[in-house]
Structures are given as structure tokens and as C-alpha cells.
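Encoded as C-alpha cells, the structure appears first; notes follow it.
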Amino acid sequence: MTDTGPKTGNGTSGTGPRTALSSPTVRYVLRRLLQAALVMVLVMVGSFLLVKLAPGDFVDALAGTRDLTADQIAELRARYGLDQPVFVQLIRYMSLLATFDFGYSPINAAPVMDVILARLPVTAILVVASVTLSMVVGTVFSVIASRNAGRPLDLVISIFMLLLYATPSFIIAVLMILVFSVHLGWLPIAGFESVGMGYTGWTRFWDVVEHLTMPVIALCTFYIAIYGRIGRASMLEVLKLDFVRTARGKGLTEHRIFYVHALRNALLPLVTMAGLQVSSLMGGAVLIETIFGLPGMGRTAFDAVFQRDTNLLLGVVFMSSLCVVIVNYVIDMLYMVLDPRVNLK
Amino acid sequence: MTDTPPLLSIDNLAIGQGDNAPIVERIRFTVARGETVGLVGESGCGKSMTALATMGLLPGSLRVRAGEIRLDGAPIHALSQRKLRHLRGPSMSMIYQEPLTALNPVMTVGAQIREVLTTHLGLSRAKAHARAIELLTLTRIPDPAARMGQYPHQMSGGMRQRVVIAIAIACQPSLLIADEPTTALDVTVQAQILRLLKQLQTEQNLGLLLITHDLGVVRQVADRIVVMYAGSVVEEGDTDTVLDNPAHPYTAGLIAARPKGSRTEGAGRLADIPGSVPAPENRPTGCVFRDRCAIGQAICEGRRPLLTAHAGHSVRCHFPLSAASLASEVPS
Ligand SMILES: Nc1ncnc2c1ncn2[C@@H]1O[C@H](COP(=O)(O)OP(=O)(O)OP(=O)(O)O)[C@@H](O)[C@H]1O
Ligand SMILES: [Mg+2]
């Protein structure tokens, strides 16, 4: 390689000619995009084949609930291409997907895209709120516990964390409904917002907050315990490192050593955990969405499976995977900001 | 008494964990203002722990179990962490054995120097920044202003050690402890760092406690030498006196084991002395060195020798070597 251009501003290894493609940042982003596209294609092909492996399609599900003649059944199958070989169906589906056409959802009598766009916000709000809340609360607990390591307060917190860890979220959900909705009447039992009230602006916002408080808490408890425990262990580990001794040897206050030097290092594993939490909540909140009657992605997938609505199910899978891929990308970026040792690689 | 007390005086110091055998015992030496004292001894003999005890930074459940550490005459071994905090930085500071891990990986070098200045001297951020660049310049680091925004992993071991030194001298302490400041670095950098330390020491009239394996280094920079073996001081005195006429058989062994012509690889392994340093719980009764000593006799097993004056230096031995008996063993 000839070294013609000026050094890239990166200062570490920029010796090539300066084109957009040789900038490490651009190359990194391109590589990540390619990876993401590949992952999405694999996920979709895999899911498609899995769904087709299961016996029955939505026409069977439909025929189970109303009387259809054999002709009507054949015609329905032909209309949706269900009479073709699986391989042909796959090619057809994938080529439509390439144009962001998710097809039609028979059970909702609407395009899959419309159904998903209506429900994605519910899940997005749930996920963002629970990840934020569990990270903040978990970190606070881990900080208090590690500052008081070995003292009674540490023990109390660790028992509480164990309790949160061990109690299934649906039990917490049901208990909360009993206490706060049934007995005290403070919070609405179910739904995303009050239907038919025509709330707008802040009134609507607070209405949604009231509806989502319990589901978000139910989705948080397990992760609060995870963050609390990982954070405490990580903090105690970091506090033993050499640079903490240096910080102490510099005569810094314990407060500064703890919150400025140790905490930032100790938080790194929690960020990784947050990525996992987003992935698992994206489609995995079915139980909580069902209990609280929330029309989220998990709930939608669940219905799609039972009514053999292949297009809708695959659409949900696509959307959830896309979100997971994006979130992982954001987490990597965040990691790079938090830990300067991590490079664009 | 009208004498001003020495800058650092350690007397009868013992460090240990609970009821376990003490890691170091009856440590006694002083460091005067502007003086360089070399603390030498084999790996594991307790040099670092003695230094960390002085700073009040003993790890885990290690504690000062007996004795005194005085800084400018004032006892500091029993001070609370809160009080010690005000001494660390402005009165004493330390350069640690492992420059590669001594700095916070997620903070810029600049921020790590600045915070000492803002904490102890109350400088504003801008003033601290300017002063930090000055300090880095003092350490002869190339391109100091650009270093400020870098992270430790972007620097070589030698440069990181310079940053650690800049932090250590930031508040112009009167005592600087350097714990094997060059062992982790390569040979050419070692010499540079030593020269830098010696120069800073003269310029700022620091009392320098230099911990090392390397007798060549001690000969070069130290006014006095303290030799430790298995947790005790076995010999102490003027560098030249001790190195030319060692009175303790262990010191003599250290000198003899030093490869000729090499300034760097020190007496890590003692080819001439059979055996190795016993762990704290396996130290022999009486003289700690007796089971490796060629001239040991019955009394060495029964009674622990005291640190006694002998021809211009102190030695802990029942049978101190005389200059004559050693003439054949000391490399000239
Ligand atoms: N955290 C600790 N708890 C208990 N004992 C320890 C601890 N750290 C070190 N020791 C013991 O203290 C003794 C002295 O260790 P120290 O680090 O002071 O030796 P050193 O003379 O500095 O050796 P080196 O030349 O290898 O640095 C060793 O026997 C070691 O096992
Ligand atoms: Mg050491």
C-alpha cells in the first residue's frame, strides 16, 4: 500500500490514503450494517422455515371456527400462495420483505405493517421504561450494598434482591393488581390508556403512566435483582484494583474514590446486561402484556401463533430482531464512550 | 532534645494479619529530608508492605501491630483514613510497583493529575490544567500538553510511570516512596526514570525512600541503604560502607550474587546462598537467616540478634563479618 494521503485524524494506525472507505469509523459502521443485514436475513429464513414446519395454516384455523366449503378453502390458500411449495413461498416472502412489504394479516384484516406500527409503541415504552428503571434502581442498590459491604444493611439488601430474583414477575403483577387496583383503587387494572376518554397532551401522558406503572414494575423486579447483584460484585472487585489504591494514595476523598473512580469502571458489566434485557423483553413480555391487557409485541406474536397468522408472526419477529440489532449497536457505542480502551474493531 | 526529628522514622514496626505470624517485624530506619535511602531485599521480604504501611494503604486485613511510624516527628501509624488523607499528596506520596495498573483506565491522564491539585491545593480547573502540564513537562514526557487528553492504555509503561511520578510530586511532598519504580520497564527506560527521580529529589529536596532489588541502583543514587531479610532489617548504614564492607552474611551474599557488569538484573535469586526466603510462618527461631547462613552457630538458634552498631553501621548478627574476613569475597 502506498502512503499518499495525510494521516487520518485517528492518530493510531491511519497510514492509508484518505478515502471515506479507509476511515476506521466508516469501515466500522459499514461492517456493522453488513453484519446486521446478514443476521436479519438468517433470522427471517430460519423463522419462516420454523413456522412452515408447524402443521396447519391460518385457513385451517379459520375453518375451525366457521363453516367453509372445500372450494372456499382452496381459493383462500391460492390467494395467499399457501398452495405453493415452501421453497417458493420463502423466495416470495423474502423478496417482498426486501421492499419492506410484510404482507397482509388475515386475522386483523389489515396490512401487517399497520398492525405492528400500532403496537410497537406499547412495547417500546414498556421496554425503555423498564430497562431505565431497573438499571437506575439496581445501580442504587448495588452502590448502597457495596458501600456497606459486610454490614447489616448489605445483608438486608441482598435478601431483598434474592426475593426479587426468585419471585416470578406474574406473581408480583397479580399481587400489585390485588393491592393497588382492587383494594386501594389507585391504579387501573388493565389497558394501555383509558379508552374513549379522548385525553390529549399531558392528561393523556399521565393516563398512560398510570396504566403502565404496574406492568413496568412487574417487568423490572427480576432485573433490579440482577443489576443489584452484578453491580455489587463488580464494585467490590473494582475497589480491590491497583488504581483505587493510587487514588487513595493521592489523598482523594472516599466519596470521590467511590463515585468517580470506581463506579464508572464497575458499571461496564451492567451495560452489557442492559443489552440482554432489551433483547429478552422485546418479545418476551407476553405474560405481563396478557395480564395487563396490553396490546404489545409479545401479545401480538402470541395471538399470531395461535391463529396461524404466519405473516403477522414473521412481521413481529422481524421488528423485534431489528430492535435488538439496533439496541446492541447502541450498547456497543455506549460501551465505547464509557470504556476508552474499547476500540472500533 | 534540640535535634529536629527525621522526616520519616520507623521504629520497631510490625505488620500482620490477625494472630498470624507477622509479615514484617522490628523494622527500624529513618529517612532525613533531602536524603535518599535504598531499601533492598529479596522478593517477599516485606519491602512493599513496609512502604504501604507508611502511606496507611496496607491491603486487606493487614494492620500495623506494633511500633511507630513518624512523619516529621508526628506519629501517623494510628491516624484515621480521614486524617491520613490530608498527608497523602502534600506530605508524602508513593510511586507503585506496577505502573501499568496504577492509573484509572477510564479517566484521562490529565484528569488524574488535575484532581490531586484541585483536592489539596484548591486550584481552579484551568489553573490545575496548566500546572498539570508543567508537572508532565518536569517528568520529560514528550508532548505533555497532548498527553493530557490521553488515556493510560494509549501510553507506554515508561510514560505511564512518568504520569504516576507527576501525580506523586504534584503537591510537593517532603517524602517520596518509590517502590521498585523501574522493575516493570525496559532497560533504557529504567535508567531515564532513575535519573528523573534523582533529579527531582535534588531539586525539591525530597526525602526519597527507594525500594529496589538492584544494588547497582542503590550504589548509584542512595546515601544510605537498609537491607531487609525475611521481614526484618538485617543491616543498615552508609551505602558505601555497607556495600564495601558488609557486616551481615546476607548482605555479603547479596553483593556476591550480583552478576558482574550488569546494572539491572539484581539479586532476585541468590546463587551463592542456599535455600530461599522462608514464608512468615516458617521463619526459624533466633536469627531469621540462620538456616541459610554459612557461619551460624548454636547461639544463632537460641537468641535473636539485636540491631547493633558495628564499625559505622548497624547490623543484626551475632557474628558480624569484619572487613578483613570479607576482602576475598567482595567483588572489587
Ligand atoms: N494482602 C495481603 N495479605 C496478607 N499477606 C500479604 C498480602 N500481600 C502480601 N502479603 C505478604 O506479605 C509479604 C511481603 O510482601 P511484600 O509485597 O512486602 O514483599 P516485597 O519485599 O515488596 O517483594 P517484591 O520484591 O516481590 O515486591 C509476602 O510474604 C506476602 O505473601
Ligand atoms: Mg514489593
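Placement of Cβ uses the backbone N, Cα and C atoms for every residue, glycine included.
Here's what TrEMBL has on this protein:
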COMPBIAS  A:1-10  compositional bias 'Polar residues'
REGION    A:1-20  region 'Disordered'
TRANSMEM  A:33-51  transmembrane segment
DOMAIN    A:120-335  domain 'ABC transmembrane type-1'
TRANSMEM  A:122-144  transmembrane segment
TRANSMEM  A:156-180  transmembrane segment
TRANSMEM  A:212-230  transmembrane segment
TRANSMEM  A:266-292  transmembrane segment
TRANSMEM  A:312-338  transmembrane segment
Check: With pairs closer than 6 in sequence left out, are the transmembrane segment (A:122-144) and the transmembrane segment (A:212-230) joined by 3 or more CB pairs under 8 Å?
Finding: yes
Other same-chain positions with a Cβ less than 8 Å from the transmembrane segment (A:122-144) and lying at least 6 residues past its termini are 153, 157, 160-161, 192, 208, 212, 215-217, 219-220, 223-232, 234-235, 258, 263, 266-267, 270, 274, 277-278, 281-282, 285, 289, 294-298, 323
Here the stretch out of A:33-51, A:266-292, A:312-338 with the most C-beta pairs under 8 Å to the transmembrane segment (A:156-180) is A:266-292
### Task
With pairs restricted to those 6 or more apart in sequence, evaluate whether the transmembrane segment (A:266-292) and the transmembrane segment (A:33-51) have 3+ C-beta pairs under 8 Å.
no
Within the same chain, the residues 6 or more beyond the ends of the transmembrane segment (A:33-51) and with Cβ under 8 Å of it are 86, 89-90, 93-94, 97, 310, 313-314, 317-318, 321-322, 325, 329
